[in-house]
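J.: Pasting a structure here, questions to come.
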Amino acid sequence: SKCYFNKLSQEGRIDPKDYTFSGLKDETVGRLPGKVAGQQFVIQDCENCSIYIFDHSATITVDDCINCQIFLGPIKGSVFFRDCKDCKCIVACQQFRTRDCRKLEVFLCCATQPIIESSTGMKFGCFQYYYPELALQFKDAGLSIFNNIWSNIHDFTPVSGENNWGLLPENAVVQDYVPLPSSEELKAVRISTDATRSIIPITRGQRQKSSDESCLAVFFAGDYTTANARKLIDEMTGKGFQLVQTKEVSMKAEDAHRVFQQCASEFIPLLEKGPVVALEFDGDGAVEGCQSTINDVFSGTKIFVSESKASASQDVDNFYNFADMQMGM
């Protein structure tokens, strides 16, 4: 009947009000997994609020917010903070940008170089968060958990002699910045902020390295690539080595020659299955530690690992020179 069709067309329509938080004060608000489902979202004119978007979205703008705590699940495109101050955020996105902001503290996962403009007192740390739906939300947003250049900030408007941004302390506790939600509705989300459970591997990024010894390990595409990479990270960090950076990227035969050199022919057939996942570890004895872990834990899996301390730094440089070109950095 006619009414039936009318009802359907109305249900199918997107009401922007459902995708907006505007003019709120002293409130805790949010959206549960499945409720944003890849739409764009707007947050504006909020003060002293706790705001949680536990879902993936297309883009998010955050304007004129003061003293808010904000969690933004995976954003397929860009997040843009404008005219915000004294906010603490946890954000995962393809592109991150701020303009005219003051004192934002951000635990960030960003696939491209984060950009700040006319902003001061900005502090960044590595995204650290878990809830059961989050891994699939990263996939739905087309983001790789291994592509996170959170600490490589580009300041569009640098001021000579001043630094507009820095890194959060390494031991910063996520919940001290963005507490877990207090409202009944949002408590349904099963969150962990434990570093070992984080969906995004915690990387050192641009932080000072503890050693001049690095090691590159590269996993090839297959059913267990992600699980294997995570397992190696757990094993290595458990032994006291540090994860510097990670990267997921597609390689061609000529790239393999450049990166894997004399071992290339062994790995080239594996490249057709999909992108590789590369991990860079740091610490005295990292190469030997990585080799022995791979022999113990991954017998039978083909993995590239640096051969010696001497060749490792070259491996790392070769790989990241290739990957940065590939990703248009």
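Glycine residues also receive a Cβ, built from the backbone N, Cα and C atoms like all the rest.
Feature table excerpt (TrEMBL):
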BINDING   Gly77, Ser78, Gln94, Gln95, Phe96, Arg97  GTP binding site
DOMAIN    7-158  domain 'C-CAP/cofactor C-like'
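Tell me about the surroundings of these features in the structure.
T.: Around Gln94 (GTP binding site), taking its Cβ as the centre, 19 other Cβ atoms fall within 10 Å, counting all chains.
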J.: Among Gly77, Ser78, Gln94, Gln95, Phe96, Arg97, the annotated GTP contacts, find the widest CA pair distance and round it to a whole Å.
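T.: Taking every pair of listed residues, the largest Cα separation comes to 11 Å.
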J.: Only counting partners 6 or more residues apart, tell me which same-chain residues put their Cβ under 8 Å from the Cβ of Gly77 (GTP binding site).
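T.: Same-chain residues close to Gly77 (GTP binding site) (Cβ under 8 Å, separated by 6 or more) are Ala58, Thr59, Cys93, Gln94, Gln95.
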J.: Would you list the other residues of this chain near GTP - those whose C-beta lies within 8 angstroms of the C-beta centroid of Gly77, Ser78, Gln94, Gln95, Phe96, Arg97 - in sequence order?
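T.: So the extra residues in range turn out to be Thr59, Ile75, Val79, Phe80, Cys93, Cys110, Thr112.
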J.: Among Ser78, Gln95, Phe96, Arg97, all listed as binding-site residues, which has the most CB atoms within 10 Å of its CB?
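T.: That would be Phe96, with the most Cβ atoms nearby.
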J.: For the domain 'C-CAP/cofactor C-like' (7-158), report the average pLDDT of the model, please.
T.: 95
